[in-house]
Each structure stands twice: as C-alpha cells, then as structure tokens.
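Asks: If you look up TrEMBL, you'll see A:32-482 marked as domain 'Cation/H+ exchanger transmembrane'. Feature annotation from TrEMBL assigns transmembrane segment to A:20-40, A:47-68, A:132-149, A:161-184, A:234-257, A:277-302, A:314-343, A:363-383, A:390-415, A:458-483.
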Number of protein chains: 2
Amino acid sequence: MGSLRFLSPKEESQFQHQGAVELLVFNFLLILTILTIWLFKNHRFRFLHETGGAMLYGLIMGLILRYATAPTDIESGTVYDCGKLASSPSTLLVNITDQVYEYKYKREISKHNINAHQGNAMLEKMTFDPEIFFNVLLPPIIFHAGYSLKKRHFFQNLGSIITYAFLGTAISCIVIGLIMYGFVKAMVHVGQLRNGDFHFTDCLFFGSLMSATDPVTVLAIFHELHVDTDLYTLLFGESVLNDAVAIVLTYSISIYSPKDNPNTFDAAAFFQSVGNFLGIFAGSFAMGSAYAVVTALISFLCEFPMLETGLFFLLSWSAFLSAEAAGLTGIVAVLFCGVTQAHYTYNNLSSDSKMRTKQLFEFMNFLAENVIFCYMGLALFTFQNHIFNALFILGAFLAIFIARACNIYPLSFILNLGRKQKIPWNFQHMMMFSGLRGAIAFALAIRDTESEPKQMMFTTTLLIVFFTVWVFGGGTTPMLTWLQIRVGVDPDEDLKADSSQQANNLDRNPTKAESAWLFRIWYGFDHKYLKPILTHSGPPLTTTLPEWCNPISKLLTSPKAYGDHLKEDDTDCIVTHDELAMNFQEQAPLPSSPSAELNLDPKASLKIPSKENIYEGDLGLGGYGLKLEHTPGQSQPNSLA
Amino acid sequence: MGSLRFLSPKEESQFQHQGAVELLVFNFLLILTILTIWLFKNHRFRFLHETGGAMLYGLIMGLILRYATAPTDIESGTVYDCGKLASSPSTLLVNITDQVYEYKYKREISKHNINAHQGNAMLEKMTFDPEIFFNVLLPPIIFHAGYSLKKRHFFQNLGSIITYAFLGTAISCIVIGLIMYGFVKAMVHVGQLRNGDFHFTDCLFFGSLMSATDPVTVLAIFHELHVDTDLYTLLFGESVLNDAVAIVLTYSISIYSPKDNPNTFDAAAFFQSVGNFLGIFAGSFAMGSAYAVVTALISFLCEFPMLETGLFFLLSWSAFLSAEAAGLTGIVAVLFCGVTQAHYTYNNLSSDSKMRTKQLFEFMNFLAENVIFCYMGLALFTFQNHIFNALFILGAFLAIFIARACNIYPLSFILNLGRKQKIPWNFQHMMMFSGLRGAIAFALAIRDTESEPKQMMFTTTLLIVFFTVWVFGGGTTPMLTWLQIRVGVDPDEDLKADSSQQANNLDRNPTKAESAWLFRIWYGFDHKYLKPILTHSGPPLTTTLPEWCNPISKLLTSPKAYGDHLKEDDTDCIVTHDELAMNFQEQAPLPSSPSAELNLDPKASLKIPSKENIYEGDLGLGGYGLKLEHTPGQSQPNSLA
C-alpha cells in the first residue's frame, strides 16, 4: 500500500525552510569547492581537478546527509488510511517509489520497502528533479561550449571531428551494447537476473548513454596547460559533438519499438530509428540556428546593452526549451545556437554587451559545472534506489575501454589515410585516455530510473563517472608528460611560426584535405550573403549580389557595412590560410584592391587588417575586431615529430 | 475523497516536456517584455512602465492559458481507488487542494470541487512554488538594491528614512488593520462572512503585508528622469527598508498567538511579538553583515576574478538562505549583506571582478524583476482559488490610501521640526503618490493561500498591485510635472553647486541635523579599524591603533595600505562635508600633515584626493577610487523653493 504522510502546519513551516536548507547545502558545497580550487591554483596542484574535488565534497556531504541526519521514519509522520483523507493536510507526501515495479520484481519488494520506510525526506529533496538538471543546468554548459568554440581550429579539423563524433559514437554504442549483452547473458546464467528483464535494446541504450564523453575536466586541464592546439581541438570537437550525438542516439533507441519480440532485429523499426536520429538531429540543428539568426537580426537593431544581453540570454535558452517542447533535443539545439550566436550575433553586439554576454555565460558555465559535479557526488548516497551489481559494473568498465579503443584507433588509422597531417600515436593514446564520462552520461542515466535495469545502469554510470573523473582526470598531467605531448603552447606564437613556415611552402598544403569543398562553398555563401544580412560586418550586399538585386540589397545592408571599404576585397577569403595568402597575392596587383594598405611582403600579407574574420571565434574580451588578426595555419604536429 | 491521478508512461514523457513548455512560456513573456521596453525606450514613452508592461503580458498570457487550453479534466486521467495503489504509476498527482479547509468552509466545498476538477494541469504548473519566488527571485532584487545603494545621500537622510521605514510602516500596518477590521465587521453584518473567520490579527497581517511599498517601478522612472536627488533618496531608502520592516512585521504577526481568544489583546503575547520583531530584525541584520564580512576577508586574499565572483555570489545568496533556514528573515539579511558588500568587499575586488559582479547583479535584478511582474500578471488567471469580495477590495483600496496619508504627512511634519532642510509639500505629495505595491506584498500574500481569508487577501493584494503599478506607475511622469519637481538633475553638477555654496557658508550646516552623533562615532570606528582590517583601503592600522597593539596591527594591515601615505592624514574624516573641510583647515598647518599636496583655498580643499571615500557607494564602473571625489553637500530643495 502506498503510505500517505501528512505534514501538520508546524511541519509545513519547517518544510518551507527546507527549500532554503537544501539550497544552502549546495551553496556550502560550491563555496567549499571554489575555496579548494583557489587553494589548488595557488599551489599549482593538478592531481585532483576541481570537478573531481566538487564530486568528492558532494560525496562526503551525501555521506553525512545519509548517516548523520535522523531518518524521518514513517512512524514519526502520521500515517493516514485512505478513508481518513477528509482531514486537513496542507501538504501531502506520497511515498510510492516502493510500489512502482512491485508487480514485476516481487522479490525486491521487501528490501525496497525497508529502504523506502527509512527514506529521509531531506535526502529525497536533495535528489532534485532531473527536469532542473536538463532544463536549467545543462543548457548554459553546452551553450558556452558552442559560444566559445575556437572556430578556426574546429573547422580545420572538421572532417576528423565529425568522423569521431558520429561514426565513433555509433561504434562505441554498438560495442558497449554487445559487450553488455554478453554480460547480461552471463548474469542470467548465474541467476542474478531473470531472462527477459534486460533486452538487447536496453544494452544499446546503456551503450549510447555511456558513449557521451565529458568535455569539462580534461579540457579544463588542457586549457590551463596550453596543450598542443590540434590535440585540444580534436578532443574538444569530439567531446562536444559526441554529446549531441549520444543524446539523440539514446533518445532514438529509447523510442525504438520493434513490433514483436524486442530482442529480435526488426529492419523497419531499425530504419525508423535511424530516420528518427537524422530527423531529430537536423531538426534540433535547425531550431538552434533559427533562434540564433533571430537574435542576430534583433541585435542588429537594438542598442541598449542590458536589453541586448537579456534578449540574447532568453532567446538562446528558448532555443533549448523550444527544441525540448517540440520533442527534439535541446542540447543539440543550444549547442548550434551557441555556435551561430558566436558567428553572427556576436558581431552585432556593442562592446559592452560582448563583454557582458561572455562573462555571464562563463560564470553560468562555471557555476553549473560545479553544481553538476557536486550533485553527482551527492547522488551516490542520496539516491535511494541504487542497485550495485558487481558483474554488470565489471562488464561496463571493460566495455567502455574496449569501445573507446575501437573508436579511436581504427578511426584514426582511416583518418590518417586521408589527412596530410597525420594524427600521431601519442595523440591517439591521449584521446583514448581522455574518454572521461561526466554530466551528459549522468543526466541521461538519471532521466529514467524507474525500472530495475535502469537503476542498475544509473548506479554503474555513476561509478564510471567517479572513476574516470578521478583517475583519468587526475592522471591527465602525468599522462601528457609521459606521452611527451607539447604543453605551454601559445596559440598565437604557434600560428606565427606556422604561418611563416607555410608562407615558404605554399605548395605543401596540409589543411586542404580537411577543408572540404562543401565548406568552402558554404563559407563563400556565408561570407557574401549571410554575414552582410545578419551582422554589421562583411562586405556590403550591394557588392556581392547581382546588380538587379540592388534595391533589395541596399535595404538589407547595414549602413555600417559601407564604412569599411577594405572589406570589399576580402570577399574571396574562404577557409584555408594559404588560399587566403594566395588570394591576396593574386589580388594585390589588381587596381581594384586597396593594396596601398597592405604590405605585400609575404609574411606581412598574413596579417590582414579585416574586422570580419571567418576563422576567429575566440571572443576575446573586447579585443575582437580591434587587434590585427593572424590568419590561421596548422600548428606543428608535436614535440616529437 | 482525495482524487489520485496517475500518469501513464506516455503522459509522463509529455510531462517531462512540460517543464520545458512552462519555462518557454515565461521566456516568451520576457522576450516580449524586453522588446516592448526597447520600443518604449526608443519612443520615450513613459505612460506604461516596463513593469506595467510585463504585468499586462502576463495577464494576457494567463487569460490565454486559462481559456484557450483544454482543461485536463479529472475524467481524462485515470482515477484510481486507494485499493488499486498496487499498480504501477510512475508519477502521482494528488489533488487535495479542495480538501484543505473542507471542515471549516463546508459551504465552499461544492464550488471548490468543481474548480479543482476543472483544474488545468498546465495552470497548476504555471503557478509556481512560492519557494522559488522567495529563495531564487527575490534575493537578487533586494541584494541589488543594497549593493547599488547611494550611501552618501542615504546616510545624509538616514534619520528621516528610518523614521518613515519603521514608524511609518507600523502606522500604515495599524491603520490598514483597523480599517480592514471595520470592513470585516461590515461583511459579517451583511452576511458575506461568518463571525470568527476573520480575526483582528488577520487584519493586522493584511495591514503589514500591504505596508510593503515597491521600490522598482517608481524608482526606475525617477532614475531615468534624474529626479531631484533628495526625493529619490528618501523614496528609495523608505521603500527598501520598509520592505524589510514589513516582512519582519508580517512574520511577527503571523506567529503572534495570544493564549485565549485571538480577538482580545494579550499584553504578554504583544510584547512577545515586539520582541520577536526586534530579535528577528537584529538577527537578520547580523547574519547578512557577517556573511559580507566573511566575503570581504576572503576577497582580501583571492586573486582569481572568476573565483572571486563565484564566492561573492554564493556567499551573498547564502546570507539569505542561512537567515531563512535559521528562522530569520532572508530579505533583511540579503539587503544588509548587499550594503556591507558594497562598503567593504567591493574595495577588495579586482577591477575585473568589480565589473563582473556589478553587471551580474544588474542582469539578475533585471531578469528577476521582469519575471516577477510577468508572474503577477499570470497569477490573476492561473491561480485557482481567487476569492473576489467587493467590500473587502473596496476597504483595502480605501485603507491603503488613508494609511499612506497617515504615514507620510504626520511624519514629514515631525521630521520637518528637526530637519534644517525641510521636506517641502510637493515632495510629500509625491511620496504619498509613490506608494506602489509590488513584488514583496505579492510574495508575502502568496506564501500562505490556504485559508479563505488568506485567499481573499491574496486576490485583493493582486488587484492593488495591478492598480498601483498601472495607474500610479503610469502617472509618475505627469505627477512630477504637475508638482513641479525638478527633473534632469545631474547629481555631480548638483553637488558642485552645493559645495561651493556651502564653502561660503560654513557656519550654516544643513546636514548636521541628519548626521547624528551615533553615526559619526560609527564612521570614525569603521574608518579607523574596520576598513583597514577588511579592505585594502583606509589608513594602516598601525597609525590608528594604540602603539602597544603594533604587532597585531602590523599583522592585520594589508601591505597595500602602506603604499599610499596620503591616507595617514584623513583618519579624522567623518561624516559631514564641513567637518571635513574644517578638519583639513585645522590639520593643514601642522607639520605632520602632507599639506604640500593640498591647496588650502577653501574651494579646492573640498576636493580631497583620497582613495577611501566614506560617502561614495555608487559603484561606478571602474571609476571608483580613481576620479577625484567631491565631498557631499545638500542639493537645492527644489525648483520652487
């Protein structure tokens, strides 16, 4: 029977304060975490990263909450029969978690009931709603990842990143799914699980959620140590896009419903799932970009920093929420919204708003990250329905390593066939090592913890997150040293060196393989038409559109675009640095180009004083558009090559 | 019988999306509001303020949600008997609102039941938790008010402000309580209410929550129009402190429990309430200040802007939450936390953090304000248990005007006896007119809507908020013109004029009446001991403490404090400008003072190049401590005087 517990007015008022108490616990954890980060930063201590620290504090706090606070025993509340419902409770706590799968897992009931009866109201409130997790905490992190994407390097390695993110995640998902299916069969064999409880789709579901690698911990360390830019970009791109892929994959698998036996392969349902995947991904992408375009158009006109910032923030969040509300994937939408905002809207913002938005999103990202890692620590002890199964956990640990290896090494091999600039072995080992699991895997696992298989998955996910964040996160610095990967790289210095190197070897073009023709076409289109329409930068439309479009193009072009005549001649600047250099060398002698402003010395021509830079998305504080931009180049492979 | 409604897995997934839908509705409202603000700003349209606009949109959206969305009839969900609880729902909605006061208001049941059964799940979710209101939305607004307090003017008028805030609020509360008691008696007489349902304490409760005047709308207009600084300061100080007083008063009255008949006067219980009031106020004040002092000490040492900002934010919020958790009043704590942060911590922040915190709190304030006003608009149609009683509403409208008049005019008369610079009639009329009710009154009313009297109060409060924000808020600009109050005042210009005027009339000291001896002592203490301990500014402790304390004072003094030798001679700078000027004139001839740096011309001596300025709390963006500070003076009374 579900036990109904009523709170008297006195308890009620305590209850109201509890909202404050829980928030206070989180605040306290965050303050502790920040103080620890500070201490670590002062002592340059890198064996436990801040995210690991946040988790540790969460864990300790969970332990305290679990064992030091008095359990609100069911006897201490008044238990009413249903017949007494006519009395006057103002708040009703209904404990039905123990009932949920009663009919299915009868043998678990007695154990669960005991747990549930000792259930602590505090603990229950601390395990907050996954809705908050998804709708409030994740969007700023993902948005920030998109907004602060280093577009230049990202697009140079786009081919490889997409391969890792899409193909790699699919491989990882299938490999984990297969290995787990083997372990599930073994569990059935030793009698830990009944046949039919755990389908192959469940294994694939676990595989897909386990395939989301976490960009936070490793990249924070990379960023701090200034690790080789190419490695950074590959890992960043992979882990950001891979989250999006894993989320959509998880969703597609969860709605995969073969007509008959869920264990058999149903081609129709499979293709339906693939279709779902593509549809959801494309839809989310479109939704996110559309919101960013709307923001760009609005920010085109708005001149009040506070209103601009407000609209920017709200529209970006709306991109997430609309996608969720429409049954698409908010994370994907907000990721691409962030990328598009950085590409278009950022150019239209006043310098005040540029700084505000950047700092605001940085801060929100910082807080959300720490809340999530604290919360993951807490969840180990405050979540009430953990199912620890040694065999399943062992299998999962094995599976993620094998799957990561099957993802990185074969794909790197294939990519190296096409890449002029190979991905060296030490990069591959480092990518293998950097397969941490974090917030997204956790968020996907906590979203559904109703059935026993799902609870087992959640527990296992949590343990894997702990292990990878602590062990791999802590081991990142030693591993970098051991693999002799370059650290302390100044990206600007790096670029200068590369640029001069490349200027002398224009025929050797390592980036060409990466920057496919499709993207060159896209960039030409973007630069000629989209940027002038959506932002204050770029060449005026009057010069890029055919002459008969003049009335329209005059209407659409920002008056500011006419100000900078230099822009007219960088219409052909597309992706790679050497094309750019060549374009300039070709154009320079032409009378139409204001070559007077350009020093035609090959090295100097690499510094193009253009406000509009299609490569740079660093969002440097206020420096954007003011300092001379260096054109991109490839960084040196590594210290060993 | 309480009806239990279960959601099937399908519904469950819709339910998860609903979190997104509701947030999206709010986002949409906020975006609309911001676009409207933008439009208004462009057209300098001031008859509907942005807060009024936000409420209007909320109202329209509430109307749409109420009448255009299909009500989730109770029949459409599956209704289970308690006996069927063994089945497997994953989410349980228990509709017991109709049961709460069943035994008390039997005649209401049938009506309520119908309402509840037609209850719309969407509507129920839109009327969000007062906990969120209190714990998340209010703190940033109140903190921002404290943080951006113009301390100079505030302390000049402190006596008057405290009189209005404490005495005025008490008068207002009692007057409203008495008038409402009369109307309640009348309601009982005409049979709209049963005797004993509505006690005198309930009337006082209503009086206290109705006494919280809203600082947002009027002051935003004042700020935009640059209204006379004295009027601005009086109104700002009154409405900010008055919120704190009203909240503590409401709380004290709600826990006032005479032993016998709640209608009789019980001296013990009354003094208990007064004691409660004082204890809660003092405790909250201490809690808020303590957190700010801790922040100041931490920020004294920390050098990482992001960590600093994070700690600043979290500790300030913790001040609120700790006070709430300890049974004190968070709003009061966070208000004084803000003031103390601006006074001490702000001096220790890096210039980056100064800007970050200021922009962050500004932005949070902006969003929270608009969310609250949108939400108030929504609540009129989405709240399910409104009780409109014409007599009660009429009484309330009458009461608030009479109470405001009883507050402003007599107190101004008394204050004018003591003030050298009188509060003129047009200021008094404007203050009378500016008694808007807003977020705090609403928040206090929504916190408890369980009994019928409380529901009636909530409905009435909502209507009064609408009326005052739209009518008085919209009428502010015409009223200013009509009362011939100076607008377009540049505070700096104003001060210069005053200062030179004062320099010629050193014996005429209009501010002396305001700056009481107690505050001069406090300022001396603060300047000599607290500022040097808690911040990088102020004179080194070694000069202010007796010599035998030297070892301790050396330990406690920031190394930076020794840098600026000029500070040593401004140790006597206390409150009023003319004392300051006199001190300098006395000190200048002494050999110990570096008079070489000071021009002893009386006018020039008013500009003291001191980093530490006890009057200035404007938190100007980065300008703090860099520009020459003008010493304060009184602004001219008004354009008429």
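Every residue gets a Cβ built from N, Cα and C, even glycine.
What you see is a predicted model, and the numbers here were worked out from it, not measured in a lab.
Where in this structure would I find these features, and how exposed are they?
Replies: Beyond the ends of the transmembrane segment (A:47-68), by six or more residues, the same chain brings 25, 28-30, 32-33, 36-37, 40, 120, 122-123, 126, 216-217, 220-221, 369-370, 373-382, 438, 465-466, 469-470, 473-474, 476-477 to within a C-beta distance below 8 angstroms of the stretch.
Note on the transmembrane segment (A:132-149): residues 215-216, 236, 240, 243, 316-317, 320-321, 324, 330-331, 334-339, 341-342, 358, 361-362, 364-365, 368-369, 371-372, 375, 439-440, 443, 446-447, 617-619 of its chain, located 6 or more positions outside it, place their CB under 8 angstroms from a CB of the stretch.
Listed as Cβ neighbours of the transmembrane segment (A:161-184) (distance under 8 Å, sequence separation of 6 or more from its ends, same chain) are residues 154, 193, 198, 200, 202-204, 206-208, 210-212, 233-234, 237-238, 241-242, 244-246, 249, 391-392, 394-396, 398-400, 402-404, 406-408, 410-411, 414-415.
Through the fold, the transmembrane segment (A:314-343) approaches residues 134-135, 138-139, 142-149, 151, 240-241, 243-244, 247-248, 251, 280-281, 283-285, 287-296, 298, 440, 617, 619 of its own chain, all at least 6 residues removed from its boundaries and within a Cβ separation under 8 Å.
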Asks: To the transmembrane segment (A:363-383), which of A:277-302, A:390-415, A:458-483 is linked by the most Cβ pairs under 8 Å?
Replies: A:458-483
Asks: Apart from its near flanks, which chain residues at least 6 from the ends of the transmembrane segment (A:390-415) lie with a Cβ under 8 angstroms of it?
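Replies: For the transmembrane segment (A:390-415), the nonlocal Cβ contacts are 159-160, 163-164, 167-169, 171-173, 175-176, 179-180, 182-184, 186-187, 190, 192, 206-207, 210-211, 423, 427-428, 431-432, 435, 437, 456, 459-460, 463-464, 467.
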